[in-house]
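**Q** My questions will all concern the structure given below.
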Amino acid sequence: MEDPCRLYLVTPPVLPPGFADHLAAALDAGDVGCLQLRLKDAPRDAVQRAIEALMPIAQARDVAFLLNDDAALAAEMGCDGAHLGQQDGDHAGARRLLKGRILGITCHDNRHLAMQAGELGADYVAFGAFFPTTTKEATHRAPVELLEWWSEVFTVPSVAIGGITAANCGPLVRAGADFIAVVGAVWNHPEGPAAGVRAMNAAIAEAADGA
Ligand SMILES: Cc1ncc(COP(=O)(O)OP(=O)(O)O)c(N)n1
Ligand SMILES: Cc1nc(C(=O)O)sc1CCOP(=O)(O)O
Ligand SMILES: [Mg+2]
């Protein structure tokens with residue numbers, strides 16, 4: 001049997017007060033495979049403090065803790081890995097630095113970038129944005145067929161990201177995404193992040209049942 005599709009949680013770009021408690025509640029609400037700390041534009045010491053505060057919360061719950069953008073800091077701080085975009089430095093160097101840890105690489109909507117990432121030993125390839133998102137200015141739009149093609153041809157796991165909610169994730173799960181990555185669907189859920197995790201888990205499970 002194939003591994004089930006799982007939720008991949010990305011932090012808000014700026015952490016609100018009391019975020020550690022919200023994170024614990026979210027992770028206690030259901031299944032989360034991975035947490036990515038994504039603090040855009042925060043100074044290095046603020047990112048270090050956030051890692052120290054949040055990584056134990058994730059790791060205590062067996063949730064892999066990845067750092068966005070900075071493979072060297074991820075290795076130095078003992079994170080479980082890093083997520084790098086196409087502009088985030090030397091991927092091959094990062095692969096060496098993160099030996100035994102997780103390396104994920106953004107591939108937008110591009111088959112060639114994904115095959116390159118797979119060849120250099122990425123642990124997952126990320127495709128997106130699948131839907132309009134207000135979390136960041138996404139300049140690429142990925143089609144669902146990309147996930148189908150990738151999962152039929154390659155064994156490296158895929159992550160789908162960008163504007164994904166409980167209401168629209170079904171086709172991505174059925175197309176073979178291994179992880180569904182979200183920011184807003186959890187952190188902006190009207191009933192709070194725990195409800196957001198529950199809603200995403202239920203939608204992923206329902207789609208997987210119908211796959
Ligand atoms: C899981 C996941 N996929 C894609 C991205 C985007 O990475 P990148 O293109 O480097 O953009 P920023 O996140 O750095 O703005 C991601 N972070 N996580
Ligand atoms: C961080 C990120 N990367 C994207 C990409 O397309 O590579 S879209 C995105 C934002 C995801 O946030 P939300 O779930 O709120 O849409
Ligand atoms: Mg980046």
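The backbone N, Cα and C atoms fix where each Cβ goes, glycine too.
Sharing the features that TrEMBL gives for it:
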DOMAIN    7-186  domain 'Thiamine phosphate synthase/TenI'
BINDING   GLN36, LEU37, ARG38, LEU39, LYS40, ASN68, THR106, LYS136  4-amino-2-methyl-5-(diphosphooxymethyl)pyrimidine binding site
BINDING   ASP69, ASP88  Mg(2+) binding site
**Q** Consider only the binding-site residues LEU37, ARG38, ASP69, ASP88: which of them have a Cβ under 6 Å from an atom of ligand 3? Write none if no residue does.
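**A** The binding-site residues passing the 6 Å Cβ test are ASP69, ASP88.
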**Q** Along the domain 'Thiamine phosphate synthase/TenI' (7-186), what average pLDDT does this model show?
**A** 98
**Q** Near GLN36 (4-amino-2-methyl-5-(diphosphooxymethyl)pyrimidine binding site), which residues of its chain come within a Cβ-Cβ distance under 8 Å, counting only those 6 or more away in sequence?
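**A** Residues satisfying the criterion: TYR8, LEU9, VAL10, THR11, LEU66, LEU67, ASN68, HIS83, ALA181.
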**Q** Taking the binding-site residues one at a time (ASP69, ASP88), which has its Cβ surrounded by the most other Cβ atoms within 10 Å?
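**A** When each Cβ's neighbours within 10 Å are tallied, ASP69 tops the list.
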**Q** Using DSSP with the three-state reduction, classify ASN68 (4-amino-2-methyl-5-(diphosphooxymethyl)pyrimidine binding site) as helix, strand or coil.
**A** strand
**Q** Which of LEU37, LEU39 (the binding-site residues) has the most other Cβ atoms within 10 Å?
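**A** That would be LEU37, with the most Cβ atoms nearby.
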**Q** Are there any residues at least 6 positions away along the chain from ARG38 (4-amino-2-methyl-5-(diphosphooxymethyl)pyrimidine binding site) with a Cβ closer than 8 Å to its Cβ? List them or say none.
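**A** Residues satisfying the criterion: VAL10, THR11, PRO13, ASN68, ASP69, HIS83, VAL183.
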**Q** Between ASP88 (Mg(2+) binding site) and THR106 (4-amino-2-methyl-5-(diphosphooxymethyl)pyrimidine binding site), find the distance joining the two CA atoms and give it rounded to the nearest Å.
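**A** Counting only the Cα atoms, the answer is 10 Å.
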